[in-house]
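Colleague: One structure follows; several queries about it will come next.
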């Protein structure tokens, strides 16, 4: 639960029901080392009583030690924490909240709240000893592990905050690097072979232990390694074989002791021994370890032996040294034969009748199966019957325990191998089974959150044993959220607290986060699902949910990548058609200190004058930390690690640990003694005690500023034209006697009076000894004709002592400039009908002259009038001189733009520009027309033809249209309108005509052998023709066969010769026709040479669907000009008018 969560007594979604009507609040989570401010709100308690209530808390952190950590607002119910928490001092707090009526006798049942403290990485690892001592033989091989260093961390062991990794920082003597270290275990191993005790008998390693897997807070320790002689003697068993007997079911019993001898140096790794069972124990019933003398192997039982399964074991045991052998040495082994024994011992009962519930000891003598001692078993004299613990503590997660609940198990050892016993509970509400499981006979309430009672058991001799059992309530580690079900609850607008999970968790994964519960689960099994961030929205696959409603996180989280996840939980009946309303959950990632501070630059550079005083701050270093800025994890403090050179004193400078400001600590700087210092700066989080980074600050000692700069002249008078921005007004040179290039020599300038409206700016020129005044706003002669500026000069570095500051006066005279007339507005829009009569006055479009001090005459002219429709008088009156057309291409959306110039009478004149926009209103001045000029159609089986009709006028002078066939067209066609399309329908074929057509040319023309047809099938006289007529005039063009034209001869194009094969005539004609089209010397009427006479004598009439003779005069043939050269003559013939 975070700040803003409201917990209500009795019915609240963040509570989960345990037993009948009792609710438990899930624990609140607070990170340790919070920066505050304090008091900080944690959770609000709210009673549903519609009365004024008074709230109070007691318990740990309230009225119990540590007192005063938590307080509650009596009227609002807000619980607040008053100070920063420390998990290493106390990891959780248990509070009880009370609510009573302020003026009425009503009281809520006390409500318990647990507040858990989330760990932060605020503890450095600590080595368990320092130094560590170890030895390695000269003959050790690469990779041989010979010693281990260990370190502990007081942070939470379940987090990376306490996961310590190791590294070797240095080795002395340094070369070569002989050793390596396992960064996780701390085991030190041989990295390079070739040890020689005579050359170097001892090495010292500097070891670093750092948490966060080596990336966090660190500690330095040392390991001292002694080089020893090599292992050239193998240990030997004193006997080659052993035979022993052991009882079954006895775990921990010593089976055999195996003494050995070794001739190597006592106490060295070449002398100490270790043992292994190499055969005979496939099921691992036995273990062999080294005895305290280091020259003895001890075999013990680690699993119960069963005579019915194995009566004998034959073990083979090998002995080795901790150091590997030098060369090939024989390894000693011994054989241990282990025989099993069985003992039988019947229970011995006295004459008294001990009552255990309803069973007496006399009756128990008749019971054999469950309580008989195994046959052949002999009691080990070292075993004493009794309970395993002096007190059994059973933890439960609620104080109302239901009937039948199992709360734990007691263990009683009878020393006879039996796994069951007879128990009796002193509290009749609890029952104890023969296997030690403790259950409840009826519902039990734990008053004061715990319960103590005794359990009795009797051993085989009849002796009574008693143990104490304590049942304590422990808060659940999980948060259970229930779906609101009733409408009444929904009206209360329950608040679901955000769940939290720390980043960098070590797992194991999946790890439980929160549990979702539906009230429907009492009626039917429910299926739970989740959606949202971390599930099916990127980053996907981080959270899952099981069918008990537990939400799990399956991997470590990183707050710096994503600080919170918003999920939606769903619950549906598995077998019934029931469904909960989706519920939103927020899982916040709790920050851990897993990021080092990073300097924003490295190195930092700064200057300090010789005359600086103690405490003078002259530069600042800064570092950032990616951790949560609301925690100490990101609170970076600074410190100076070293100063180079350390003269005249080793600490000439100090640093503000919080801001990083570097200041003078010793006011004795001398540039001649030392002109530059380098400081090594450390930035560390957790207020300087956490993870750290180092950087450097380079400090240059400069001369002190004991000479003020001086203007060369005390005053200046300049003139500046008006309306100019960025123009240089004046240059103000100065002199300075300080060191050239130093901050005490470079200058800066300020205008201290005379420019209250900010028309001017003064800046430092490139030489650093010049002030340059420029205009930053247009000056206006008509408003202000003169300015008096007072300018001051200073150094970049403050003066040492009281120095006189130099000033100069600059008088700026503003020059009048002829300014162009201004149209107001610059663009004027008027609306007129497009058919406005020629000569009409359109509008007066005039400009004003900003030069009020002058008397000037303004004249006008039109600069841009694309259609030449308008004129303008000298007084600005615009008139219509030509008919205007709204449909002209130059218009856009019916608007026509004209550019008008206004000129004064200066020499040269100043010109202003204005735009006149004429919005032409449409009139019906355009006829509709058919877009398609011609079309082709078959005169058989004709289909309707769609033609498009357009009208350049707009609404309402456009569609709908009416169409009527013209002339003879109406005989064969009908016309109808289909929206904007004209539909033409061929009604009938024209009857065949028997009229013979005469040739177009006289019979004696050179083309008299070319025939024409007025039918589609050809005539009877067309089979005999001379192809040479088509070819004449093409070969080399020697002659022209027209009597009335003499064309100019140009270079002949490439024409194909007549083919010998008649089948190629078609191709021949097409190719030469293309050549003629591109021939610039071809006569314009050369098309008359082509098939203008198709023969005569046919009786077939002409078949045509269109009578062009009758309709020709009414048609527009201008479009034929667009069809290319071969149609140009046709266009001239039909489209050229009467001529």
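Cβ atoms here come from the backbone N, Cα and C positions, even for glycine.
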Colleague: Which one of these stretches, 1079-1098, 1099-1118, shows up in TrEMBL as region 'Disordered'?
Modeller: 1099-1118
Colleague: Can you check how the pLDDT averages out over the domain 'Cadherin' (600-711)?
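Modeller: The answer is 93, the mean pLDDT of the model over that range.
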Colleague: Which residue counts does DSSP give the domain 'Cadherin' (824-930) for helix, strand and coil?
Modeller: 0 helix, 49 strand, 58 coil
Colleague: Taking DSSP states H, G and I as helix and E and B as strand, how many residues of the domain 'Cadherin' (600-711) are helix, strand and coil?
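Modeller: The composition, in the requested order, is 7 helix, 50 strand, 55 coil.
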Colleague: What are the helix, strand and coil residue counts for the domain 'Cadherin' (712-823) according to DSSP?
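Modeller: So the domain 'Cadherin' (712-823) is made up of 0 helix, 54 strand, 58 coil.
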